[in-house]
């Protein structure tokens, strides 16, 4: 028999009345009624009410014991009276009359009063009564994790990962681990570097993704690979991005098309989202080209819950009487229109605040608006410069109705798309147009293969350099590089990018040509990607893959606004682990072993 417990704190029911039981857990709440003390004992599974009578010799001990101390009790189960039943907990019909108490571990506050004050205050948060600054929560994460909501997020994460793993195995995928210490790669973010003691002056890199390894597995003859892969990128924190490390459902398949991968991911994620959320899950995963996404939504991560669609109204304003937009168009710029339903009767301050916000927060320049009264009359600072024919074209292009308004953004094409997209998001939120009770997915496809980098003044890869271009080698040789599309795709849910993937290039001549366009010599390719180049000489199957982000999936299903809430031991926004004190300085002898020196 277990000396610590016969039952968990969630198990006991009315049919256990008169049984002698032993329970262990944390002293969660305590209520002193003079001759009786009621204690809520909490373990991982639930809560049970304990009753301590003042005729017991341990009454003073429990009276003075601090909350969150760990105890073991033995006692008799009794039914609560009808008026004291607690329906909010599963054990609410019973209580345990304690006959024996053993203190396993008592809370002891730090001798420094300032630190002790901090420790006492953070204990209060465990009952859910008060929130604390993120750094304090992370410093005492072992206490923060005792909170029901935080604990449930970590349990949910475990359950989701188990379900993903089960579904992958059901579909014939093999779980294979790839190296953590590897070579630096041009994934687009900064690497975390690890110095080699045995090879002075050389460094390993923590993998930004298992990209090359999973392609090598396909070359090796494995048909379907997956792993819950840890990835490491030295990036700044965001609400949907944790600094340092993250996890993804990394997978790769041989002899597949883009649609084959879509079908696997759609069926997998639909089952996971439907199982772990009470929200509706849209079964439709529409395919939207990158070009269409940037035009209609102003983003390659569109939130399809937002019904607003952006329109291109450049031609309507060409040669118009509104000189600001007319001049912009003559200089090669565009004009985008964003509808704002049922806002025509809003005061002018409503529109001025939106424009001011867009200017300050989005860097917007050419902005304006038109309101269309219920009788159809157009008003606003732009309306007087447009004839009725142009106004009708705006009504048709934006599909608005009387009583609606339209915001406009004019700039270079990419900038105008970005600004219009942010205005669309702002309006969708402030006008309460977004349904928070549904998950809507979409695929973004046909990304550009290359992009012109204004800073370096050269062509570079838009996304993954190992993807297959549309048209293969012929397009690389014959087309303007900026017109070439790639078999690359992103999966988006409610405006959050869950995953990127691609059909891979499996031919050396295409690889060399693509990298040549991006400014890499054949020798540089051989040096930087030697393993892949060697492998590609020995028969490479057509293959492709994808890697949905586990942290973001859990964040969405937990309905948390910040990804750090679903990570067990997260870093703060500065990339610091305040619990363990990382990053930290190391001793000089360790640096000497690694042939390193810190320059102040």
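Cβ coordinates are placed from backbone N, Cα and C, and glycine is handled just like the others.
Keep in mind that what you see is a predicted model, and the values were worked out from it rather than measured.
As given in Swiss-Prot:
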BINDING   187, 233, 463, 504  L-aspartate binding site
BINDING   233, 234, 235, 497, 549, 550, 551, 552  ATP binding site
REGION    211-214  region 'Aspartate'
SITE      33  site 'Important for tRNA non-discrimination'
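Swiss-Prot feature annotations superimposed on the structure.
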{"residue": "33", "record": "site 'Important for tRNA non-discrimination'", "CB count, 10 Å": "9"}
{"residue": "233", "record": "L-aspartate binding site", "CB count, 10 Å": "20"}
{"residue": "234", "record": "ATP binding site", "CB count, 10 Å": "14"}
{"residue": "235", "record": "ATP binding site", "CB count, 10 Å": "16"}
{"residue": "463", "record": "L-aspartate binding site", "CB count, 10 Å": "20"}
{"residue": "497", "record": "ATP binding site", "CB count, 10 Å": "18"}
{"residue": "504", "record": "L-aspartate binding site", "CB count, 10 Å": "24"}
{"residue": "550", "record": "ATP binding site", "CB count, 10 Å": "23"}
{"residue": "551", "record": "ATP binding site", "CB count, 10 Å": "20"}
{"residue": "552", "record": "ATP binding site", "CB count, 10 Å": "22"}
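For residue 234 (ATP binding site), the nearest of the recorded positions by C-alpha distance turns out to be 463; the candidates were 33, 463, 504. Under the three-state DSSP scheme, residue 552 (ATP binding site) falls in the helix class. Cβ-based neighbour count (10 Å, all protein chains) for residue 549 (ATP binding site) stands at 23. Closest by Cα distance to residue 235 (ATP binding site), from the recorded positions 33, 463, 504, is 463. Among the recorded positions 33, 233, 463, 504, the residue whose Cα lies closest in space to that of residue 497 (ATP binding site) is 463.
Whole-number maximum of the Cα to Cα distances across the ATP-binding residues 233, 234, 235, 497, 549, 550, 551, 552: 19 angstrom. Looking at residue 550 (ATP binding site) and residue 233 (L-aspartate binding site), their Cα atoms lie 15 Å from each other. Here residue 552 (ATP binding site) is compared against the recorded positions 33, 233, 463, 504, and the shortest C-alpha distance is to 233. When the recorded positions 33, 233, 463, 504 are ranked by how far their Cα is from the Cα of residue 549 (ATP binding site), 233 comes first. Over the region 'Aspartate' (211-214) the predicted model carries a mean pLDDT of 95. According to DSSP, the region 'Aspartate' (211-214) comprises 4 helix, 0 strand, 0 coil.
When Cα-Cα distances from residue 551 (ATP binding site) are compared across the recorded positions 33, 233, 463, 504, the shortest belongs to 233. Mapped onto three states, the DSSP output places residue 497 (ATP binding site) in strand. In this structure the C-alpha atoms belonging to residue 233 (L-aspartate binding site) and residue 33 (site 'Important for tRNA non-discrimination') are separated by 55 Å. Comparing residue 504 (L-aspartate binding site) with residue 33 (site 'Important for tRNA non-discrimination'), their Cα atoms are 70 Å apart once rounded. In this structure the C-alpha atoms belonging to residue 463 (L-aspartate binding site) and residue 33 (site 'Important for tRNA non-discrimination') are separated by 66 Å.
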